[in-house]
Amino acid sequence: MRAIHIVTTRLSSSFRPILLDFVAFSPPRHFSIPRRLICAATKANGGRSGSIAAPLVTEDFQKIDVNPPKGTRDFPPEDMRLRNWLFNHFKEVSRLFGYEEVDVPVLESEALFIRKSGEEIKDQLYCFEDKSNRRVALRPELTPSLVRLVIQKGKSASFPLKWFTLGQCWRYERMTRGRRREHYQWNMDIFGVPQVTAEAELISSIVTFFKRIGITASDVGFKVSSRKVLQELLNKYGVPENLFGRVCIIIDKIEKIPIDEIKKELGFTGISEDAIEQLLQVISVKSLDDLEDVLGGAGEAIADLKQLFSLAEKFGYSEWIQFDASIVRGLAYYTGIVFEGFDRKGKLRAICGGGRYDRLVSTYGGDDTPACGFGFGDAVIVELLKEKDLLPELGQEVENIVCALDEDLQGAAATVATTLRDKGQTVDLVLESKPLKWVFKRAARVNARRLVLVGKTEWENGSVSVKVLSSGEQLQVKLSDLD
């Protein structure tokens with residue numbers, strides 16, 4: 001940073017301490033000193049232009065940029081109301097399914113993410129070295145942190161664990177519609193259940209959420225597959241297991257880059273041309289019957305998927321899901337069934353996604369623990385609600401506005417406000433003398449139900465005037481009876 005150089009030798013003693021503070025201050029690049037300060041310095045010495053021996057500020061500074069950093073958001077009240085509405089639905093669905101809420105730090109050890117999340121995550125981390133020379137990162141996702149917490153709980157954990165969390169995640173990536181560099185994510189995870197019933201319930205919870213906010217099966221669907229499909233195919237061609245994660249990450253790009261690029265990247269891994277052609281043929285399969293023709297019916301992948309589709313019928317969401325062998329998910333730690341929520345018009349990126357990650361806990365040093373879960377971001381779903389014209393109208397809502405009709409009655413108005421708040425009612429207390437016209441406009445803006453006026457005569461009688469704004473009815477009410 002560049003310091004502001006100020007000459008104070010010929011300033012009056014009354015103003016010099018103020019400017020000396022600026023001498024010691026090294027402002028950010030976009031900081032600017034108001035012109036009125038420079039004028040005040042001159043005025044303090046009688047307004048003589050020669051009072052300052054040199055220019056007060058030797059360098060011009062731009063005003064601070066009031067926009068948030070690129071890819072991030074502010075949440076003014078109107079946006080915060082929408083966020084709270086969305087989060088409340090996330091939490092209520094989690095509660096309906098019997099999941100407990102947990103939370104984890106937004107700042108984690110960098111190693112937690114770079115070890116097993118995959119190369120893409122490594123390139124997208126907001127990471128740095130802290131003052132104790134430790135490598136840390138803002139979390140790009142929540143699952144590794146939840147796994148860390150499971151390991152920390154150790155033998156005290158009573159399985160199965162059904163956890164949910166809502167947290168902010170950070171990724172430095174190219175921004176598109178519904179994709180920012182920070183977002184809030186809803187996670188639901190199950191630890192300790194190896195059966196496909198866990199994945200089936202997780203998808204059911206997302207369907208329940210969609211229904212609550214007005215989204216139908218004609219708007220949104222789920223593409224479902226299994227990592228075991230690729231695993232069985234690669235085993236057939238003798239592809240080493242250590243290449244599996246890299247292959248999955250490449251296949252995950254299949255709708256994002258041309259097929260020739262996919263082939264080229266797969267070739268770089270050392271896979272044979274025959275294996276690549278067979279692999280691309282398999283991931284184009286869109287039905288379980290066709291997949292069974294290719295792989296046979298004896299493998300785990302087919303068995304798991306058949307069970308999932310059977311459970312979907314029992315849960316009542318079979319119309320929401322479809323098989324798509326190209327779905328592998330980009331994170332390296334998935335081991336079994338994977339799924340993605342998508343909008344059927346194809347205008348948006350994936351709405352949510354998840355799957356099974358049975359080996360992640362043991363990879364971080366814990367005991368072998370079957371696990372699965374999903375992540376659901378807040379950005380894409382809002383874009384979908386806009387697209388479907390389903391965004392709710394969420395104005396501010398206050399039950400009471402309390403206003404003193406005389407400045408001397410401000411204390412009495414505070415007493416009335418406290419009485420109502422103690423009874424659990426919301427109160428917007430007018431904190432300064434305002435005309436009634438202003439108060440009524442304020443009441444309309446915040447959708448107040450009642451206007452409580454504290455007047456001198458009524459207060460002397462222990463009462464207040466209450467006006468019901470929906471009907472216009474007005475009555476005198478004793479403070480003790482006000483509720």
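Here the Cβ of each residue, glycine as well, is placed from N, Cα and C on the backbone.
Here TrEMBL flags 71-392 as domain 'Aminoacyl-transfer RNA synthetases class-II family profile'.
For THR143 (L-histidine binding site), the Cβ neighbour count at a 10 Å cut-off comes to 24, with all displayed protein chains included. Annotation source TrEMBL lists L-histidine binding site at GLU141, LEU142, THR143, ARG171, GLN185, ASP189, ARG329, TYR333, TYR334.
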Recorded L-histidine site residues GLU141, LEU142, THR143, ARG171, GLN185, ASP189, ARG329, TYR333, TYR334, farthest C-alpha pair in Å: 21
Long-range Cβ environment of ARG329 (L-histidine binding site), under 8 Å and at least 6 residues apart: ARG227, CYS248, ASP252, VAL338, GLU340, GLY353, GLY354, GLY355
Cβ neighbour count (within 10 Å, all chains shown) around TYR334 (L-histidine binding site): 24
